[in-house]
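For reference, the structure discussed in these notes is given below.
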Amino acid sequence: MDIRGINTPFLDWTGDALALGIFEEGTQITGELSQLDGKLTGTVQELIQEAEFEGKAGTKAVTRVGSNSPIRKVMLVGLGKAEDLQLNSVREAAGAIARLAKLEKVKTLGINLPVVNNDGAKTASAIAEGILLALHQDNRFKSDPQENALKLENVDILGCGEATEAINRAQTLSSGVILARELVNSPANTITPVTFAETAQEIAQTSGLTCEILEQEDCEKLGMGSFLGVAKASDLPPKFIHLTYKPSGTPKKKLAIVGKSLTFDCGGLNLKVAGASIEMMKMDMGGGAATLGAAKVIGQLKPDVEVHFICAATENMISGRAIHPGDILTASNGKTIEVNNTDAEGRLTLADALVFAEKLEVDAIVDLATLTGACIIALGDNISGLWSTDQTLADQLKAAAETAGEKFWQMPLEEKYFEGLKSPIADMKNTGPRAGGSITAALFLKQFIKDTPWAHLDIAGPVWAEKENGLNNVGGTGFPVRTLVNWVLSF
């Protein structure tokens, strides 16, 4: 599928289907829209009336045009109120148009959406993202991968003729999101710690990064008892992945992104019970998947920022070697942990990963993890929790997320809640009381950071979509690759 920006007015465009964005107050035919309606013998006005189209955000309508017309179909998509228009408005409108074009088996599509803040490049980029992400369908495991194959061949973004670079960048960004989606979608018999590490090596080779894989013996030498405690029950070897992107000149900043990478989590000896969706625990590496997706994009966009991408990859399984509830582990910073729940394993793997990241002497560390069900209870499926020791860093991430159209809500690091993690026989337990579970999880991770500005993203809700939602189809969403990339590019 070829996506391009052109300066052709929608009045002069020809092709299979012309898609128009309409505001709530714009359903009265005037100006150029009136001219188009006249050219199409009243088709637009007729569609508005018959579909009772009011321009509300997310609504859409389509109709055929007479056989002598230079276009075959007209599509309308609602934009909501004009004063509420944002980049994400056109991004999601473009996604709705793309899905409709697929349903209608359109081959050539013209899209006319309003330019946001007089910035044609950013608008074209958002439109391209919307198209690519809404149309992504993961058919790799179907016997006929071409079933319901896309017919769309060419998309023209009208009124954005100088946007080639922005569209190319959107395609690069979307490829990282799609990589993360497909990693999350992959079952645990295809994505293992070994194949996850191989994916990281492939990214390094194709995107200009370096890749270091620490094997179990290397991790033992570094004292990673917390990570290895989780890993020892699995028959598959753990892989500690360290990807590095360095710019050609002196970097403006040095950053670290750390992703939780449990390729499968059965809960360990605290086995997940019925109703705990054990079959969905292939997605417990969603943080690592987004980390690799961001690494792929950053390597191709080549910002003047040094970035370290870290994933401690393993499974949490059951065997005679498994950690027991009550065991004590020693992390690589010397702190001891009483394991009172083997199903709170992600934070144990992240503990050593955070210590490793801080030793790189970076300016900021961001970790992301499908860490707690408590965060889903608090914020639902579409919003990630954000905790940070540094408000400047938190504000940077929130700004990056707003540009991406991904949602975060800053949560408190309530130090008093650490009382619930105290152990009589170790420095801390790995879980606290049920109340405030996402906060105590963040406080646990904080024990493995000394002075570096740090943020924790609990992405347990938004990493997976149970139904079509915005630009997401059912399955992995690739959240929050776009936020991470925007954050890195902001320096």
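Every residue, even glycine, has its Cβ placed from backbone N, Cα and C.
Record features (Swiss-Prot):
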| type | residues | note |
| --- | --- | --- |
| ACT_SITE | Lys272 | active site |
| ACT_SITE | Arg347 | active site |
| BINDING | Lys260, Asp265, Asp284, Glu345 | Mn(2+) 2 binding site |
| BINDING | Asp265, Asp343, Glu345 | Mn(2+) 1 binding site |
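Proximity to Arg347 (active site), defined by a C-alpha to C-alpha distance within 10 angstroms, is shown by the following recorded positions from Lys260, Lys272, Asp284: Lys260. For the pair formed by Lys272 (active site) and Glu345 (Mn(2+) 2 binding site), distance between Cα atoms is given as 12 Å, rounded to the nearest Å. Using a 10 Å Cβ-Cβ cutoff, Lys272 (active site) registers 17 neighbours.
Secondary structure from DSSP puts Asp265 (Mn(2+) 2 binding site) in a beta strand. A gap of 8 Å separates the Cα atoms of Asp343 (Mn(2+) 1 binding site) and Asp265 (Mn(2+) 2 binding site). The Mn(2+) 1 site is set by Asp265, Asp343, Glu345; from the centre of their CB atoms, other residues of the chain with a CB within 8 Å are Val230, Leu262, Cys266, Gly267, Gly268, Asn270, Lys272, Met281, Asp284, Asn316, Thr342, Ala344, Gly346. For the recorded Mn(2+) 2 site, residues Lys260, Asp265, Asp284, Glu345 set the reference point as the centre of their Cβ atoms, and the other residues of that chain within 8 Å of it by Cβ are Ser261, Leu262, Met281, Met285, Asn316, Gly346, Thr349, Ala369, Thr370. Cβ neighbour count for Asp343 (Mn(2+) 1 binding site): 20 (other Cβ atoms within 10 Å of its Cβ, all protein chains included). The binding-site residues Asp265, Asp284, Glu345 differ in how many other CB atoms lie within 10 Å of their CB, and the one with the most is Glu345.
Its own atom aside, the Cβ of Lys260 (Mn(2+) 2 binding site) has 30 Cβ atoms within 10 angstroms in the protein chains shown.
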